[in-house]
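K.L.:
The feature ATP binding site is assigned by Swiss-Prot to Gly39, Val40, Thr41, Gly42, Ser43, Gly44, Lys45, Thr46, with sequence analysis given as support. Among the features that Swiss-Prot reports, domain 'Helicase ATP-binding' is placed at 26-183. If you look up Swiss-Prot, you'll see 431-597 marked as domain 'Helicase C-terminal'. Taken from Swiss-Prot, the feature domain 'UVR' covers 633-668. Summarising the annotation, Swiss-Prot assigns motif 'Beta-hairpin' to 92-115.
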Amino acid sequence: MSKMFKLNSAFRPSGDQPEAIRRLKEGLEDGLAHQTLLGVTGSGKTFTVANVIADLQRPTMVLAPNKTLAAQLYGEMKEFFPDNAVEYFVSYYDYYQPEAYVPSSDTFIEKDASVNEHIEQMRLSATKALLERRDVIVVASVSAIYGLGDPDLYLKMMLHLTNGMIIDQRAILRRLAELQYARNDQAFQRGTFRVRGEVIDIFPAESDDLALRVELFDEEVERLSLFDPLTGHVDSVIQRFTVYPKTHYVTPRERIVQAMEDIKVELAERRKVLLENNKLLEEQRLSQRTQFDLEMMNELGYCSGIENYSRYLSGRGPGEAPPTLFDYLPADGLLVVDESHVTIPQIGGMYRGDRARKETLVEYGFRLPSALDNRPMKFEEFEALAPQTIYVSATPGNYELEKSGEDVVDQVVRPTGLLDPIIEVRPVGTQVDDLLSEIRARAIINERVLVTTLTKRMAEDLTEYLEEHGERVRYLHSDIDTVERMEIIRDLRLGEFDVLVGINLLREGLDMPEVSLVAILDADKEGFLRSERSLIQTIGRAARNINGKAILYGDRITASMAKAISETERRREKQHQYNLDNGIVPQGLNKKVVDILALGQGLAKTKAKGRGKSRSPVEADPVELVLTPKALQQKIHELEGLMMQHAQNLEFEEAAQVRDQLHQLRQLFIAAS
């Protein structure tokens, strides 16, 4: 099933890209464990990484610091490698409230979660691709370091079907039930199967567009075919097929029975400890909760919160690292850590926060001590498991630079010839009035301005002041969720307003070519928000505009300011010299606003191919491409209902057209999911 990686791009590497590709490739071939790609904003770091992957032909995991950047990278990689397996692996929770106990108020908060089915399907598709083929790129968030089902158990549970194999129908149905597939002869949907005479239809959990038909003759598999579950159109006849479990956490019955015995032993030991310490309430609470879980596991094979017993279910010892997505990555895989100065500290912080919450649950008798082993990886475990790694950042952290040593690859020259912004330092005393005049000058020529302040109060006051003076301004603060944040950025690019004020939110991954000015207020206040890295990242937001400029308001030049200004000047000088030597005239970017959200259009079109000549792919309406994410979600629900209605009325062509449109809208929604 594996193919060769084939890079699809109208562009050839230029600027610093060819040298960066050569050095990274040579380093990996020489066995270097750590390399850093120091690439400025807009220098085509993703394109460089894509070229390295295509040259080396190795399965790759790309780690991003958040879902928004992961979605952006997924869209770019999907365009670069349309014929290969580009997968998306982020947290599948739309909403997640972990169980917790607050001793001060004696409040227990039950776990509450809402799972996004589309993202769950993409996660299953990602692990399947890693197990089946080598031309795989998995774009993941830091969710990848959290516990996942053991790959060995996952592989053992698979159901292999081949033409001509001898197996009776009941055996297949029993195996499907073990894989947690549910029989549903009425509503055929993902993760279900239906039976009609000697024909079994299975809708694989990792698929969103094709189902499997198993035709039996007596006790022999006579024919296997893939078909469109909506129209019934047969896509292809195949020789073999592997049915993967419906969930990563599926466990064989014998392992569950063994786990239950181990849990009983631990419960007896823990009860003894609690009674010795005169913790009668905690002992009663723990006994009651654990006994209930054991009964559920015995009857159903699972229970609510079964992940808290994951140590026993995966057969690990106390304190051992949990199985994660890294266990599915082949030994010669490649790891790319995007925006590494943010992602690496995140990986280190996940374990500590999780541990503190669970220790309270254990102490007060809500969970057994083994629940502490249901956790994300520790940083040391991540280091031990990580394959050869490329750290990608415009401002690499100390960790990456220390690990890479001399192996830091500079990518400063942009293919477009754009230079880093001009930097000016101006006094604090007149910063607000000076900023107002700069905003007005840019609003006239239809350019945008980003302003970053030190405190929430100052951001609110500045926004109010600018509004009073007739400026079109919005304020981006920490209470705004990802979806609304995407809407605000889109509105800024569309020209609904001219100025965006924020604190620490105007940094990594915001591609806004319309922004020509970045103003940093109180730049001389040394600290986290005004460190060298923060300043360089913020200045970089104006690097995609031909008139890019950054104004730092400060009465003195701090060490961080001096380093940031010096580094930016070094880059400008190198970029300018390259342009002179090669006769390049800088060109501004003309990136369509919908490009931020329209990540999966190409994917939707390729998936629509080859499913019957009666099908005509439906292009997404241009209006839909600029819908807000909330409106997109509502539109998706409406179309799902319409599609099922068409199918029930046997109007298969109309249902298929609606389904094509759904594919596109779901991909648009991923960006803000």
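Placed from the backbone N, Cα and C atoms, the Cβ positions cover glycine too.
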K.L.:
Run through the domain 'UVR' (633-668) and tell me, per DSSP, how many residues are helix, strand and coil.
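P.N.:
Summed by class, the stretch gives 33 helix, 0 strand, 3 coil.
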K.L.:
What is the Cβ neighbour count of Thr46 (ATP binding site) at a 10 Å cut-off, with all protein chains included?
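P.N.:
Here the count is 19.
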K.L.:
Same chain, not part of Gly39, Val40, Thr41, Gly42, Ser43, Gly44, Lys45, Thr46: whose C-beta falls within 8 angstroms of the C-beta centre of the ATP site? Give them in sequence order.
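P.N.:
Going along the sequence, the neighbours appear as Thr48, Ala394, Gln411, Arg414.
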K.L.:
For the domain 'Helicase ATP-binding' (26-183), what's the mean pLDDT in this predicted model?
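P.N.:
Averaged over the domain 'Helicase ATP-binding' (26-183), per-residue pLDDT gives 91.
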K.L.:
Taking the Cβ of each of the binding-site residues and counting other Cβ atoms inside 10 Å, which one has the highest number: Gly42, Gly44?
P.N.:
Gly44
K.L.:
In the structure shown, which of the binding-site residues Thr41, Ser43 has the fewest other Cβ atoms within 10 Å?
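P.N.:
Sparsest of the binding-site residues Thr41, Ser43 by Cβ contacts within 10 Å: Thr41.
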K.L.:
What does DSSP assign Ser43 (ATP binding site), in three states?
P.N.:
coil
K.L.:
What's the number of neighbouring CB atoms sitting within 10 A of the CB on Val40 (ATP binding site)?
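P.N.:
25, counting other Cβ atoms within 10 Å of Val40 (ATP binding site).
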